[in-house]
Each structure stands twice: as C-alpha cells, then as structure tokens.
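Inspection log for the structure reproduced underneath, given as structure tokens.
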C-alpha cells in the first residue's frame, strides 16, 4: 500500500467522522457511557479486591510453644521449630515473639493492671506464622500442629473459613459482573457502529464495484472505529481520574493505620485508564471490522 | 472478450435465472440484451462482473475465468470493467469530479493522472462545466452521464450497462445512447441490458434475447422483437 493511500485513509476516516455528525455523536456517547461504567466498576472492584486481600493477609497462625525449663534446651527446641516451620513450602514468614513481648502487648491493650504478671509471666513464647497463600492457612496450621514442641496452634478456626468463602464469593460475583458489563459494552458499541455502517452500505457497494480491494474499503472504517474508541474514552478517563483522586484524598487520611486501605492513585489510575482506552479502541476497531465484513461480500 | 459456456445459475430460493447460456462477444462489439422482466437479463449482466457466481459452467472475461477466480482477485477483474446502473449509484456526498475520481482513487492511481483522466472523460460526456456540483443538483440524464464517466475513466475494455436509460425520458435516453456509441467507437466492448424498444430498433446492433434463463435469439442488427 502506498503512503499516499495511507494518508487518504486517515483523511477519509476524519472526514466521515465529521460528516456523519449525529451518528458519530451517538457512537461516541455509547462508547462513553459504557466505558464510564466499566471504569467506575473496575475501580470499585479492584478496591474491594484489595480490601479482601488486606483482610486475608491479616490472617495468621499463632503457635504457642511448649514450656521447657532449661533455657538452653528451650532455645534449641524453639530454633528447631522455627526452622521446621520455615521449611514448609506454604509458609511465607515466621515471627518470634517472646512471652515478655506478649505480655507487653496485653498490657498495651488492657492496661497496667496486668503489669502484676511481670513477676511471674504465665504466657508462653509465641510464633506468628503467615501462609504465602492465606487460603492455605488451615492446612498450614494442621502441619505445624504435628510438629514437636507446639503447645497449641490457633488461627481462628471456623471464622477464617467463613471469611474466606465470603471473600471468594464476592470476588466471583464481581468477576461475573465485570465480564457481563464488558459483553454489554462490546455489544452496545458494535451495534451502534453497525448502524452507522449500514447507513453507508451503498458507499461500500460502489467501492467494491469500481474495483476497491476489501482492505481499501475496510481501513477507513476501522480507523474511524478507532477514533470513536479514543474519543469515547476521554470523558470516562477524566471522570474516573478526578472522582477517584478526590475520594482518595478525602478517605485515605481517615483510614490511616487501619487494616483496610484504598489502592494508591498510582498505579491504579494508570491501569484503569489504560483499560478504558484499550477497551475503547478494541471495541471500536472490532465493531467496525465485523460490521463492514458483512457488506464486503459483493 | 466475453465468453460463456453452458452457464447455469440457480439462486438459493430455487429460481433458475440462467439455464445453460453460451455466448461469445468479441472485442469492440455492441450488444443489446433484451427480454421480459424476470427472464434473466440482470443475472446475465451480474455474472459478467462477478456479482453472481455461476452454479455451473464457465464465464471468461478478457481471458479471466471467473469460475475459478478467487474472491480477493475480484477487485482486479472489476478494474478492467466499467459498470453502469439504472439507478446511477453515485455517492451523494461527493461532487461530480470526486464521484468520477473515486474509481481511480480506489485503484491508487497517481493524483496527476487522476486529474487528467477525470477531466478528459467529463469532457467526453459533456459535464466539464459541472464538476463542482453534487448529484442532487443534477438532472437524471446528467447523473447517468456522471455514472458513465465513472465507468470508463479507468479505460476498461468492457462497459456493462444494466438498463442505463430505464429511469430517463426518451430525449435524455438518446443523449446517453450517443455517449455509449462514442465509447464503442473507441474500441470498447459495450453490453447493455435494456427495455427500450425505440433505441434497439433505431440503433441497430447485435441483439441477444433471453427468456426463461435461455438465449432464444441472437441476431446481428436485429430488432427489439417484443411488443412495447
């Protein structure tokens, strides 16, 4: 294809955009509305997912260690236990907390009354274990329980399972909703594009009759679809960015130090905006490509 | 130039529009295709520019066998043909010049060549002074002249016309016929499906009559043969 022809295709795609004013407006509006929905939904879903992750990652296994009188033997047993746990493939990290430390934590939470216990600490040394996949917590806990010198292994049995099944369900529901929304978007936008192309089927027919190749007919339409996608993603990108920026700046200071955090502006906004524009272009191009195809068989 | 051997065309709805047509049209000939409505004239025409594919038999245009022609080669066949329709098929948003130039643009002709050839054919059809006008500002005859200009601008060896005077008044029809005769005089083969008895009887050429998907008559310098 000659450079002159490529230029012509670009010129032609711009010309038809402005010439079919209302049709262009209708297509861009359809793209805008659906991409806005997709964008908002993606941001909400990604944040909910983050919340779910935060909650999951907070799940840990508390291992109470057997009390051994002789300090040397105790040290040896604890070291062996730690290294045994670390050897488990599902384990991400193991933190050691001495009984003195445990007591301090309790005193912090419940007040100085407990400082009496400093004379004779009834607590045990503790290991905090996190699974690399929080969903494996129960399994890991069971394995640890089987090791020597563990007095008790606690991980919120029952509650954790319920929490995980709740989080998994909400993730799946969110995923189904997003997929459904994407299909709706593709259907709606390609349908609008199809209408604009049906209005121009005569043009395609004439092009074919005077000997235009399919590519020659198709390229301006496909470029036009691309512009529709690009133009249709401007408003969604602006709205999503501005709204999330403001929501983040209002909410984030209040969530400081909390378990649940919003996703940072970067990279989230880049990701979502890239999703919006890529989706817009893809749907525009694909919609045009498929709609023209029908009329090329002349 | 145009050869059909035992061509059969059956449409999916069961209509047989060509039932074993064989014909040979030489370079430079002027041929009328006549017959009642629904006899298969349009199919005969459409088979030539491969808008329809034959169900069986051979169609050979300028040495190209259309039966074995691949879809992606069809555009290159059409560049050797000019096609004129009853309803002109002009693009309403393009002016006269652009409509004609369109046929050269799609085959990626050089802009300089396009300008020259377009002005030449518009001169031939007598519309040089209306190049900036749009189809809806022209009369039917003028629109048909633009359409003819478009069909011959790439200097095809064959011009195929499907009832080119069907939408025009008698006087305008004669003007259009003059243009076709002139094109023919330059050596271009012209195949024209028509219902126009006066024209066929006045400008005597080869007449092919089609009825029920068959050629029932093929006479050089024949008359229209049907009562108007």
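These residue numbers are counts, starting from 1, taken along the chain as shown.
For all residues, glycine too, the Cβ spot is worked out from N, Cα and C.
Regional average pLDDT for the domain 'FtsX extracellular' (A:69-153) in the model is 85. Summarising the annotation, TrEMBL assigns domain 'FtsX extracellular' to A:69-153.
Helix, strand and coil residue tallies for the domain 'ABC3 transporter permease C-terminal' (A:176-294), in that order: 103 helix, 0 strand, 16 coil [DSSP]. Summarising the annotation, TrEMBL assigns domain 'ABC3 transporter permease C-terminal' to A:176-294.
Long-range Cβ contacts of the transmembrane segment (A:21-44) within its own chain (Cβ-Cβ under 8 Å, at least 6 residues beyond either end) map to 177-178, 181-182, 184-185, 188-189, 192-193, 195-196, 199, 228-229, 231-237, 239-240, 243-244, 268, 272-273, 275-276, 279-280, 283-284. According to TrEMBL, the feature transmembrane segment maps to A:21-44 (among others).
Within the chain carrying the transmembrane segment (A:173-193), a Cβ under 8 angstroms from the stretch's Cβ atoms is held by residues 26-27, 30-31, 34-35, 37-38, 41-42, 45, 48-49, 225, 228, 232, 279, 283-284, 286-288, 290-291, all 6 or more beyond its ends. For A:173-193 (among others), the entry in TrEMBL reads transmembrane segment.
The feature transmembrane segment is assigned by TrEMBL to A:226-248 (among others).
Annotated transmembrane segment per TrEMBL: A:268-289 (among others), in sequence order. When Cβ-Cβ distances below 8 Å are used as the criterion, the transmembrane segment (A:268-289) is approached by residues 31, 35, 38-39, 42-43, 46, 182, 185-186, 189-194, 197, 218, 221-222, 224-230, 232-233, 236-237, 240-241, 244-245 of the same chain, each at least six residues removed from its ends.
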DSSP-assigned states of the domain 'FtsX extracellular' (A:69-153) in counts, ordered helix, strand, coil: 48 helix, 17 strand, 20 coil
For the transmembrane segment (A:226-248), distant same-chain residues with Cβ under 8 A (at least six beyond the ends): 13-14, 17, 24, 27-32, 35-36, 38-40, 43, 189, 193, 262, 264-265, 268-269, 272-273, 276-277, 279-285, 288
